[in-house]
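Feature annotations, courtesy of TrEMBL:
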| type | residues | note |
| --- | --- | --- |
| BINDING | 105, 107, 141, 168, 367 | Mn(2+) binding site |
| DOMAIN | 193-286 | domain 'Peptidase M20 dimerisation' |
Ligand SMILES: [Zn+2]
Ligand SMILES: [Zn+2]
């Protein structure tokens, strides 16, 4: 039997065992950088598979190694581990047991899929040359991102620049399918916090006040100039404000207004420039209107770019494994992901694993309390990544 069919056979043979693994992880989710139980559980599964080379990284993360029959190339496969502060609303028997915490971004699926990949590659270790690094990374959902901690580890840096593969579940994509995009894929993400301090008072006496509500209104409208006039039309940019709080009343002008938003783009030089321009614009408008203004824009993740050559090769491998009708091309995705840090320094490919199933009613989006997956995706995801890893080592 050829190696592709053996991988498919192994993925299928082990799939029910790994559904159990996923359900366990789903039941006991942990928040970013607190993945202690998760880490211990993943380590146990790795030991059970037979892996002996396991290193601790980024406190609650792990990096395991599978050596093939001879030396050769190295590839890194990454899964993230953390859950979100969301109360699960699914009534499945494996629903979250940890109050207010839920694997609503599918990181339980990423870990399980990578464990299945590990199991398959371990069983095939006499059939390939080279080395596979399996990275279970904590803290994807919370700044500064677990990737930044991993990248400070000696064990990681000793690898030098090597190809990185990662996947993310996608409910819009039916289970059984995967999606790729070479080149720019996911956006950089910066959080924006603006505080406008005016002078509150009676709404009937505006001349004695500095109205932060009016200042905030001008600020919000003017800020859009950054994306509509200052950004190159060739560079996608998004500026959205999702929260504005001015706690006055129908007849009370408040003292201050706070605004929160996000800026996303695909160019690191423009990103820095845009943040500077936005800060200057907002401050000068507020000042011109007599208010004080504090702008805080903590830097988030950079944009994620998929190496074109690697991604094209990987996509070809996926077509070979799943058939061309199960491999789709993706559009830009304005979400952010800390895998982006790896993609800035290595040849990387981050792709999407379909987990939706309209017939079964599995359609809820990522980060929602009813997010779930069609568990057949585990077999697809785990088998495919094993196949893609071996293709990359050739
Ligand atoms: Zn997420
Ligand atoms: Zn995620």
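Any Cβ shown, glycine's included, is placed from N, Cα and C.
Feature map: TrEMBL annotations on the structure.
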| residue | record | DSSP (3 states) |
| --- | --- | --- |
| 105 | Mn(2+) binding site | coil |
| 141 | Mn(2+) binding site | coil |
| 168 | Mn(2+) binding site | strand |
| 367 | Mn(2+) binding site | coil |
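Across the domain 'Peptidase M20 dimerisation' (193-286), the model assigns an average pLDDT of 97. Minimal Cβ crowding within 10 Å, among the binding-site residues 107, 168, 367, is found at 367. Packing around residue 141 (Mn(2+) binding site) is summarised by its Cβ count: 22 other Cβ atoms lie within 10 angstroms of its Cβ, all protein chains included. Taken residue by residue, the domain 'Peptidase M20 dimerisation' (193-286) breaks down under DSSP into 41 helix, 31 strand, 22 coil. Excluding the listed site residues 105, 107, 141, 168, 367, the same chain places 80, 82, 84, 103, 104, 106, 140, 366 with Cβ atoms within 8 Å of the centre of the Mn(2+) site Cβ atoms. Residue 105 (Mn(2+) binding site) counts 24 other C-beta atoms within 10 Å of its own C-beta, drawing on all protein chains shown. Only 105, 141, of the binding-site residues 105, 107, 141, 168, place a Cβ under 6 Å from an atom of ligand 1.
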